[in-house]
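What Swiss-Prot says about this protein:
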TOPO_DOM  1-51  topological domain 'Cytoplasmic'
TOPO_DOM  73-80  topological domain 'Extracellular'
TOPO_DOM  102-113  topological domain 'Cytoplasmic'
TOPO_DOM  135-141  topological domain 'Extracellular'
TOPO_DOM  163-186  topological domain 'Cytoplasmic'
TOPO_DOM  208-253  topological domain 'Extracellular'
TOPO_DOM  275-294  topological domain 'Cytoplasmic'
TOPO_DOM  316-330  topological domain 'Extracellular'
TRANSMEM  52-72  transmembrane segment
TRANSMEM  81-101  transmembrane segment
TRANSMEM  114-134  transmembrane segment
TRANSMEM  142-162  transmembrane segment
TRANSMEM  187-207  transmembrane segment
TRANSMEM  254-274  transmembrane segment
TRANSMEM  295-315  transmembrane segment
Amino acid sequence: MLSLKLPRLFSIDQIPQVFHEQGILFGYRHPQSSATACILSLFQMTNETLNIWTHLLPFWFFAWRFVTALYMTDIKNDSYSWPMLVYMCTSCVYPLVSSCAHTFSSMSKNARHICYFLDYGAVNLFSLGSAIAYSAYTFPDALMCTTFHDYYVALAVLNTILSTGLSCYSRFLEIQKPRLCKVIRVLAFAYPYTWDSLPIFYRLFLFPGESAQNEATSYHQKHMIMTLLASFLYSAHLPERLAPGRFDYIGHSHQLFHVCVILATHMQMEAILLDKTLRKEWLLATSKPFSFSQIAGAILLCIIFSLSNIIYFSAALYRIPKPELHKKET
């Protein structure tokens, strides 16, 4: 019979510094794991196991919702629903890519960086999907058919390209300038989210307009709260920073961050679905639905330029002398 032995785990002082996580002392996988060992680690309690499953399981939930929406939509003729389908598709992509990144990030130093480059690209693709759905369904009455609305998605595309580049670049600073690395990475994700959310901020805190005063408002509020909590957890490394070694396997900040992000996405999806349904008559009377070329063009530009960023920075990994990128790893 075929027997598979679970890989050995390591402590923080047994692996190169590039694999270190703040406040996490034990449960590390071999820094040159095989693909098979990485897959087996899904069924072994390591410090990455729950990072993987907290996005892999939600991927199947969001995929089920996406397939259900596809089945119930007349895709060819219902252009009003296209932005929602694009958004739901991107909400499947980012948790899948994230779970794959966490699964295979221990294959080598460069593989770790490349895995997370792809992760950052997927997050930014989701950011663009959110912007497309917001533009189609959630904009407050006063901002519809304005210059801001006209250029909102175009600038969201630009934001995703810049954000992917900045977040990828930040990984080159991890060892030598960890604080600057963290600041750049947080800002790289914070400003696209802020741009995407401007119509929501206006709607919640200034003037929603008659058509936007509906049941979706509470979901938008919950989405914002969960996103702020996720941002705090990602930045603060709590609770493991206060008690190193106590939360290595269960309860560290990245696991909690994943849970908050998934809950935020769920709340966001419910809000957008409600806006799409409850505001349909008003929106169709006020503005034209996105054309296929507009949606496809935005998505393709995001994918092409984000992949270009990822390829450029991946190639740079092999051009930089090892002592420069990992010089403190001794």
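Cβ coordinates come from backbone N, Cα and C, glycine included.
Owing to the predicted nature of the structure, the values given are computational and were not obtained by experimental measurement.
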Which range wins on Cβ pairs under 8 Å with the transmembrane segment (142-162): 52-72, 254-274, 295-315? 295-315
Considering pairs 6 or more residues apart, do the transmembrane segment (114-134) and the transmembrane segment (52-72) have at least three CB pairs under 8 Å? no
Within the topological domain 'Extracellular' (208-253), residues counted as helix, strand or coil by DSSP: 25 helix, 0 strand, 21 coil
Long-range Cβ neighbours of the topological domain 'Cytoplasmic' (102-113) (under 8 Å; 6 or more residues past either end): 16, 18-19, 28-35, 38-39, 41-42, 48, 51-52, 55, 171, 313-314, 317-318, 325-326
Using a Cβ cut-off of under 8 Å, list the residues of the same chain at least 6 residues beyond the transmembrane segment (187-207) that approach it. 120, 123-124, 127, 130-131, 134-135, 138-140, 142-143, 148, 152, 155-156, 159-160, 162-163, 166-167, 170, 217, 220-221, 224, 227, 231
Where else in the chain does the topological domain 'Extracellular' (73-80) make close Cβ contacts, counting only residues six or more beyond its ends and a cut-off under 8 Å? 136, 276, 280, 283-284, 289-292
Secondary structure content of the topological domain 'Cytoplasmic' (275-294), with strand meaning DSSP E or B: 14 helix, 0 strand, 6 coil
Close approaches to the topological domain 'Extracellular' (135-141) from elsewhere in its chain (Cβ under 8 angstroms; 6 or more beyond its ends): 80, 83-84, 149, 152-153, 199-200, 202-203, 206-212, 216, 220, 271-272, 275-276, 279, 282-283, 286, 289-290
For the topological domain 'Extracellular' (73-80), report the average pLDDT of the model, please. 94
Same-chain Cβ contacts of the topological domain 'Cytoplasmic' (275-294) under 8 Å, 6 or more residues past its ends? 79-84, 132, 135-138, 141, 144-145, 149, 153, 211-212, 214-216
